[in-house]
Amino acid sequence: MNSQLPDVGGRDKKGGTPNKTGVAVVEVNDGVQKDNSDNNKKRCGCGGGVVKLISSQGNLSNSWFLTIGSLLVILALVWAVLYVLLLDEAAPGGDLFKLLILIVSAYFAGQLVALCKLPPLLGMLIAGIVLRTCGFYKISGVYLEIVIKLREAALTTILIKAGLGLDAPALLKLSFTVLKLAFVPCLAEAAAAAVIAHVCFDYPYFWGFMLGFMLSAVSPAVVVPTLLSLKSEGYGESKGISTLVIAASGLDDIVAISLFGVFQGMIFTPGSIASQISVGPIEMVMGLTVGILWGLFIAFIPHRDDAYVTAKRTILLGAGSLGAVLGSEKIHYGGAGPLACITSAFIASFAWKNQGWSNSYHPVADNFSTIWLFIQPVLFGLIGAEIDLLALHSETIAMGFIVVFGALIVRFAACVLCVLGTKLNWKEILFVNLAWLPKATVQAALGPEPLDKVRSSGENADPADLLRGQQLLTIAVLSILITAPIGSIGISISGPYLLSNEGWEGDKEKTKSIEGADTAMHMSEGSEDVERAKV
């Protein structure tokens, strides 16, 4: 007797039709699945709300509150880690804690000043001055050496950005005018400052020229953003004024920094006058040679198709440049390092652009711009912290005003002579002079260098040199506080009045005509579609 048992699917084993038991099983299973799906919907409804809330970040906007809040949390975590590792040094009252508070205060002060459409570096400087004057910021021991190295790292970053920012085609296109504008006002201002410092304040000429070349560099950090803002509206574009000033400012900085290093090497190199003078040419040859060789090396290594080419190029350029700056000081040819740094950045950038990168797509330059965002409050906060208003002498302040304004008058005259005979009218010539006014990043980077050199001698430091080093630093800060806001505001306000935007108006008309042509074309296409539909 063969019995036919139903399978789980509701069919007989012989493959017959569904039986009653199978139908019942299917109906029961369907009921269970419906119950489960209802429960899942309820659960997903609850979970979906949470997921939606997370994905939308609670519908919060990207406000300053969230930005500052995230930064504060990061800083708190960094401090907590340092406190666990270093205990008393990172505790409130410790030197490391003071250093961290200085940097954080400088950053937030810079953000507040930026809200007033002024360069953030002004707020950073003021924060450092306030913390030093009120007696909060006083460090000693190994932290003095750490501060010096931080400044050198900041200087290296500025030099790399200057080298990467040079545009070879623009330099070739405006070569003669750019060279005149880069060299003549810089040399004239440095010479004027040296003569004023020697005649009025009995400075040795080497110290005077070191002071002069420290002051003669313009600040791309102040000039470039303001010029680009005017450029976006077409002001001065018909004559390429923004390109002229930006290209010349990069060369101007290179000339000033290189010659500052040469005179600094002459002053702090022991030996006879003849040996001190010979240091300058030696440093220039060394700097150019090392810079060209290193720039060519990182132009070929790593390969452009390397998966990590941007990171490797950034590290090689940064580490090589920092090594050049620090190493040149170790062998007592300090002026060679900055020149090698700028040269290698320029050579490498020129090669990378020929390998496929461009001014608009330059990841290494973007990386160093990001690094600069972190280095900037460190540099300007530390520079400001060197100035104690209560300890300043009226003679130093008077000296600073006389040297800065006297040298600027000579620079103004030299700049006018450089652009006479060009296609610029008198309004545009006045604007170029205003754009050539601001001092900031280079002065902040170079200002402490002589004082650090003197301090490194320890007990053997010459008191007269120590005083001159402090005066140079004070004058550097004064030049920033005086010229940066005047230049930034002057460029922004005077630009629309002194420059024409005819090219921009033409672009607008061209855009309108293109838009009109596009509209007409779309309308004609639409009418053709209608005709086809009728057919």
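In case you wondered, yes, glycine gets a Cβ from its N, Cα and C as well.
TrEMBL labels come from automatic prediction, so no person has curated them.
Annotation comment: TrEMBL describes 104-492 as domain 'Cation/H+ exchanger transmembrane'. For 1-22, 509-535, the entry in TrEMBL reads region 'Disordered'. Per TrEMBL, transmembrane segment is recorded for 64-87, 99-115, 121-141, 178-199, 206-228, 240-263, 284-302, 364-385, 397-420, 472-493.
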Looking at 99-115, 364-385, 397-420, 472-493, which one has the highest count of Cβ pairs under 8 angstroms to the transmembrane segment (206-228)? 472-493
Which sequence-distant residues neighbour the transmembrane segment (397-420)? Criterion: at least 6 residues beyond either end, Cβ under 8 Å. 177, 180-181, 184-185, 188-193, 196-197, 200-201, 211-212, 215-216, 429, 432-433, 436-437, 471, 474-475, 478-479, 482-483
Counting CB pairs under 8 Å, which listed stretch among 178-199, 284-302, 364-385, 472-493 touches the transmembrane segment (121-141) the most? 364-385
Close approaches to the transmembrane segment (472-493) from elsewhere in its chain (Cβ under 8 angstroms; 6 or more beyond its ends): 117-119, 121-122, 125, 129, 207, 210-211, 214-215, 219, 222-223, 226-227, 229-230, 383-384, 386-387, 392, 396-397, 399-401, 403-404, 408, 431, 434-435, 437-440, 443-444, 446-448, 450-451
